[in-house]
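Per TrEMBL, the feature transmembrane segment maps to 20-41, 53-72, 92-115. Among the features that TrEMBL reports, Cu cation binding site is placed at 65, 69. Taken from TrEMBL, the feature domain 'Histidine kinase' applies to 349-586. Under the heading ADP binding site, TrEMBL lists 469, 470, 471, 472, 516, 532, 547, 551. As annotated by TrEMBL, domain 'Response regulatory' applies to 614-731. As annotated by TrEMBL, 4-aspartylphosphate applies to 662. The annotation ubiquitin cross-link is assigned in TrEMBL to 716.
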């Protein structure tokens, strides 16, 4: 047998077939599994496929077919019974699903191929698109009209312009035959035809507001179709006219009184206007939904515009009213200022006129004291001097009461001697008490300091008022004055809830008690004693004279000194006790701006004569000029008197050492005169000393005098001792330290 040269195959034929089947099943399974993924993607991206559940069923069939081929890969080799069972189950499921899918396709294939079905589906989609496009057009048209109307509103806030513009624009935009606005009357019971587009019907026509058609429109916030025969729709003259469809909508009218702070308007208090819109009668046109929505939006915008106009009108009325009130207030303020100026000028003139004779009496009495007098005469002169000082204090009370009333009075804070102050007050009171044969005592507590910081003049005035009242209302008996440092536990008084004393290391509270054995006071009358011009009406005091100002002024002075004053009495005939507490500073500890304590210069250190000292005295008042000149001449001065500022500048020469200027004269500017004296004597050493004579010792006036270049202030009334001390201090120090 010949040798065969054929190539022997690598695998046997049966094995090669098995290999091809194995590879084919693998790719079939892979293809089956990829097809459902593509179907899922198609269903997700397609928005118009109507049979998605059929595709899901078909996808399940393909997945099962792929699973069958995949399981079949294990059957090419030796396999277990489990693989055979799984393979059988997969084939059964595949058979069931494939039969169901085949039966379903028999039913839906004719539907898919039906032109009628597809036409209806497309019509449905087209109608949906038409509705969406209509909404878009409506929104665009509404937005355009709202923007236009908003622009018109911003261009004017006149309600007539707003309403006319609204009717014109609505008629142009909607091609209306007529458009009208019915406004409520003042009574709110009727609607009046106020605005129309074509002016085909006379204005002012009135219909009752309780008509059913009006109630129907007012009860809804939407545009309502109404009958063309209703009273509010008759907008053309009587005749045989056909009218198109009519729509009415309410327009809210908000008023300023409806608005609340941080809140919305109260809807229950709204009133409504009625807007009526009529389509052309020569067409079959009807109202569309988007047109009704446009009318509703316009009605709301008109309501907002009218509310803005109402707010503007109210604001303009309020502005006009406020301007009228401001004019009236300004006029009242000017009248009040004129009255205050007249009052102050009157007080200044009257105080000057009243002080002048009193100061003359005090000055002449002090001159009389310098002469040789018998003891009885000297006692009389001292009594005249003290009584004149009390009268000057009463005159000061009148001015102080006015200044306390307008709040212009300020305390003159300086260092003072408490013991000296009380003894001086006692010396002023004793001559009057001795006439009535009253015994007056003064006692101090051991802890009361020698010096304190406060207003010496006001404290003296309060003390003299209290003790003076005790002397006045006591016929027989005694008066005791005691002064001590108030203890902290005794400061609070239930009768004075507004008095809050605060203990401190920088100040203390002075407690003063004045007790008398006089006629006493009815307890019911005590609260009224501190009222101006009030006096006790008890029988024991009816014949007592007085102004009724002392206690009222004392109470205000005590309040200025952060204290409290009260009176105690058990009744008529049982005497009374006056108590006051004032706050005083402690020297060396208080941080207030104070003046240093200047003790009185002893008489043995003051020269008794100023021989040859040339002095110029300017005083417009002849009596005052004569009295002051007499005091200066008594001290040895050579005095030249003048009555005006120009005369003073003319006669003033280098030989004059001191110039006395009365700064209380009305009509004369003593401050300007002081400046002109400085200008006349450019070199300081050749300039005379300038001293102010002040009738009313006021801190502000004192500061003005010093600011104008004066070297000191001597308060009136001027006495010999006061002038002697002032001249001595002026020549020794070049200024008055007390100023």
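Just so it is clear, glycine is given a Cβ too, placed from its N, Cα and C backbone atoms.
Taking Cα separation as the measure, residue 472 (ADP binding site) is nearest to 716 of the recorded positions 65, 69, 662, 716. Residue 471 (ADP binding site) has a Cβ environment of 19 other Cβ atoms inside 10 Å. Looking only at other Cβ atoms within 10 Å, the busiest spot among the recorded positions 516, 662 turns out to be 516. The local packing around residue 551 (ADP binding site), expressed as other Cβ atoms within 10 Å of its Cβ over all shown chains, amounts to 23. The number of other Cβ atoms within 10 Å of the Cβ belonging to residue 472 (ADP binding site), over all protein chains shown, comes to 17. In terms of C-alpha distance, the listed recorded positions 69, 662, 716 place 716 closest to residue 470 (ADP binding site). Shown are the binding-site residues 65, 470; of these, the residue with the fewest other Cβ atoms within 10 Å is 65. Candidate recorded positions: 65, 662, 716. Nearest to residue 471 (ADP binding site) by Cα distance: 716.
It is 716 that, of the recorded positions 69, 716, has its Cβ surrounded by the most other Cβ atoms within 10 Å. Of all the recorded positions in the list 469, 516, 551, 662, 716, the shortest Cα-Cα distance to residue 69 (Cu cation binding site) is found for 551.
Ranked by Cα separation from residue 469 (ADP binding site), the recorded positions 65, 662, 716 are led by 716. Closest by Cα distance to residue 516 (ADP binding site), from the recorded positions 65, 662, 716, is 716. Here the domain 'Response regulatory' (614-731) is broken down by DSSP into helix, strand and coil counts: 55 helix, 25 strand, 38 coil. Taking the C-alpha positions, the distance from residue 662 (4-aspartylphosphate) to residue 716 (ubiquitin cross-link) comes to 10 Å.
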